[in-house]
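> Okay, handing you the structure first.
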Amino acid sequence: MDIEKRILELREILNYHSHKYYVEDAPEISDFEYDELYRELEKLEQERPDLITPDSPTQRIGGKPLEGFKKVVHAVQMQSLSDVFSREELLAFDRRVREAVGDDVEYVVEKKIDGLSVSLVYENGVFTRGATRGDGLVGEDVTQNLKTIRTIPLRLKRDLPLLEVRGEVFISKKDFIKINEEQEAAGQQLFANPRNAAAGSLRQLDPKVTSQRKLDIFVFNIQRIEGQSFKTHSETLEFLKELGFKTSPGYKVCKDINAVWEEINRIGEERGEIDFEIDGAVVKVNSLEQREILGSTIKAPRWAVAYKYPAEVKETVVKKITVNVGRTGVLTPIAIFDPVRLAGSTVSRATLHNMDYIKEKDIRIGDTVRIRKAGDIIPEVVDVVFEKRSGNEAEFNMPEQCPVCGADVVREEGEAAYRCTGIECSAQLYRKIVHFASRDAMNIEGLGPAIIEVLLEKGLIKEIADLYYLHKEKETLVNIERMGKKSVENLLASIEKSKQNNIDRLIFGFGIRHIGLRAAQLLSENFESLDALMNASAEDIMAIPEFGEKMAKSVEQFFRQKQNRDTVEKLKAAGVNTVSFGKKKIKDNRFEGKTFVLTGTLPSFTRKEAEEIIKSFGGKTSGSVSKKTDYVLAGEDAGSKLQKAKELGIEIIDEDKFRKMIE
């Protein structure tokens, strides 16, 4: 096989299907088939690293966390827009435009996406740099994080010498809700709105975290270009589509300001139904020649304005407070109130987040409350109208048993969240199975989120253990759209293979609160079987030096639940290993008691590979340099850690020295 030819072919195939899926929303192959092609490319590139290029689909997610963001001076200033808040102000803008360029003016109206503005630079058709807007003159280099956004092409469909475009990075309303559910489940601070979530995700130092946040982008302007010219803005938008960009959705060319006003009203009526947050409508002069005449002020162009929609607040009465159990097991109180029309839709419920939120606002059943839509998306209770309180209102208390499965509900000290402890609670099953099948848990290849959703929808799995009985449903699986015989055979083989895992993977796969990979390994090393662990008390578990009371009680609480014990029995009946392989022996402990810190890029090791080698010799790794650090392993572009090591007199080694140490 000609490896170079096959690599080029695979890149072309993967780029085509990625565009069909992420930009056009019209997939032609299954997720499993895409993953198999991706893995083939990954394998070939590992064999021939000299053929890896920056625009390869495998290079979207960087291998190592960054130590900071470099500053970028924008070649073209990224200006903001002047705001208008009424029809009168819009008409005044139109008068100023016509006074400067005459009455023959055409406008383009676009939705104003409420996200984070970025610039993307392409050289000879390849994405080379991306930066945040910053103050408009200087931004931050976030190239590696932008590469994780699937709707940003790494290579254009035309090899233009130079192209710089501007776009808005955002998170859809649906994904924003999921992210906040995950934040809440992890006991972390919630994002106030999708814009904050997008900004926080794009500025993560670890691109792998960014890649999990489902960021998206709409590209809406050409900042500079070589090898092409245009007469109108609408022409540039169509050209950007041809290059492979996802552009401003549903823009409209308007012949006069009255048509502009009609379009603004239409967008305003529909904004509650759009799956991304908008904070207005942008009105732009279409003619690029007229734009040149109009020019700009220091901060904003004279040829465009942003119309901002007014916020709505309504009063209603809380009829009852129910409890929703999320995919992570967190119980969330929901206020049910008299239906009201708000921001384009009728709403009758709003999340109350947790008991701390309810107590802080003193919300009671029967209260008159004021509500609004945060960012025109999520209904929220602003406050209680205390002057309308009658004295007959009732306080709300969180249930002690899960309303879905009946398992115990617990609230750990220092946390706001109440959680269901049942592993097979149907409300949280999807997330549990995704985690159970993940690489660090049972490592079931081919069982990704999309396949799991299908299996749940078809009723083929109702609990984790059902995965190991799927072979009985082979004919049904083969007939499911986008799966096929080969995909099903591979999936079933992977499930069968996972039965032989050590129990540390199974323990981690259960998703027990506070039990990560290392904790699961320690439990496996200290208990000979899952039965022994299930019958252990918190005191028994705390005999492991690394285990504190919180971790030990979490394990005890988990295995105390009958449904969790039943799951273990069903797994055993299916042939899943529940006996420990014993403590992993370190053959060579030359690094015992030594702590390493890694910084920069190593020529031939990934950071994870180097860390695993250090641990295999009994050493430890740390993310920061201190007096307790023994060695700093430094590669190219080493950052502040290297400087701190020099200041503290820590021994600094390069890859060559490291190789000699492990020979």
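Easy rule for this one: first residue shown is 1, then count along the chain.
Every residue, even glycine, has its Cβ placed from backbone N, Cα and C.
Owing to the predicted nature of the structure, the values given are computational and were not obtained by experimental measurement.
Okay, these came from Swiss-Prot:
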ACT_SITE  Lys112  active site, N6-AMP-lysine intermediate
BINDING   Asp31, Phe32, Glu33, Tyr34, Asp35, Ser80, Leu81, Glu110, Arg133, Glu168, Lys284, Lys308  NAD(+) binding site
BINDING   Cys402, Cys405, Cys420, Cys425  Zn(2+) binding site
DOMAIN    586-663  domain 'BRCT'
> I need the most crowded of these binding-site residues: Leu81, Cys425. Count other C-beta atoms within 10 angstroms of each C-beta and give me the top one.
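In terms of Cβ crowding, the pick is Cys425.
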> Here's one to test understanding: among the recorded positions Lys112, Cys402, Cys405, Cys425, whose C-alpha is closest in space to the C-alpha of Glu33 (NAD(+) binding site)?
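So, spelling it out, the nearest of the recorded positions is Cys425.
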> Give the residue counts of the domain 'BRCT' (586-663) per reduced DSSP state, in the order helix, strand, coil.
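Residue counts in helix, strand and coil order: 27 helix, 17 strand, 34 coil.
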> Return the member of Leu81, Lys112, Arg133, Lys284 nearest to Cys402 (Zn(2+) binding site) in space, with distance defined Cα to Cα and candidates limited to these recorded positions.
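Comparing Cα positions, the candidate nearest Cys402 (Zn(2+) binding site) turns out to be Lys112.
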> Using DSSP with the three-state reduction, classify Glu33 (NAD(+) binding site) as helix, strand or coil.
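Note: Glu33 (NAD(+) binding site) is helical by DSSP.
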> Spatially, and counting Cα to Cα, which of the recorded positions is closest to Asp35 (NAD(+) binding site)? Options: Lys112, Cys405, Cys420, Cys425.
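That would be Cys425, nearest by Cα distance.
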> Counting only residues 6+ away in sequence within the same chain, which have a CB under 8 Å from the CB of Cys420 (Zn(2+) binding site)?
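In sequence order, the residues whose Cβ lies under 8 Å from that of Cys420 (Zn(2+) binding site) (at least 6 apart) are Val325, Gly329, Leu331, Cys402, Val404, Cys405, Ala407, Asp408, Val409, Ala427, Gln428.
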> Cβ within 8 Å of the Zn(2+) site's Cβ centroid: which residues qualify beyond Cys402, Cys405, Cys420, Cys425?
Val325, Gly329, Pro403, Val404, Gly406, Ala407, Val409, Thr421, Gly422, Ser426, Ala427, Gln428
> Do you know offhand how many angstrom separate Leu81 (NAD(+) binding site) and the residue listed as 'active site, N6-AMP-lysine intermediate' by C-alpha?
11
> Starting from the Cβ of Cys402 (Zn(2+) binding site), draw a 10 Å sphere and report how many other Cβ atoms land inside it.
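Taking all protein chains shown, Cys402 (Zn(2+) binding site) has 22 Cβ neighbours within 10 Å.
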> What is the nearest of the recorded positions Lys112, Arg133, Lys284 to Cys425 (Zn(2+) binding site), using the Cα of each?
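It is Lys112, whose Cα lies nearest.
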> Restricting attention to the domain 'BRCT' (586-663), give the mean pLDDT.
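In the predicted model, the domain 'BRCT' (586-663) has a mean pLDDT of 82.
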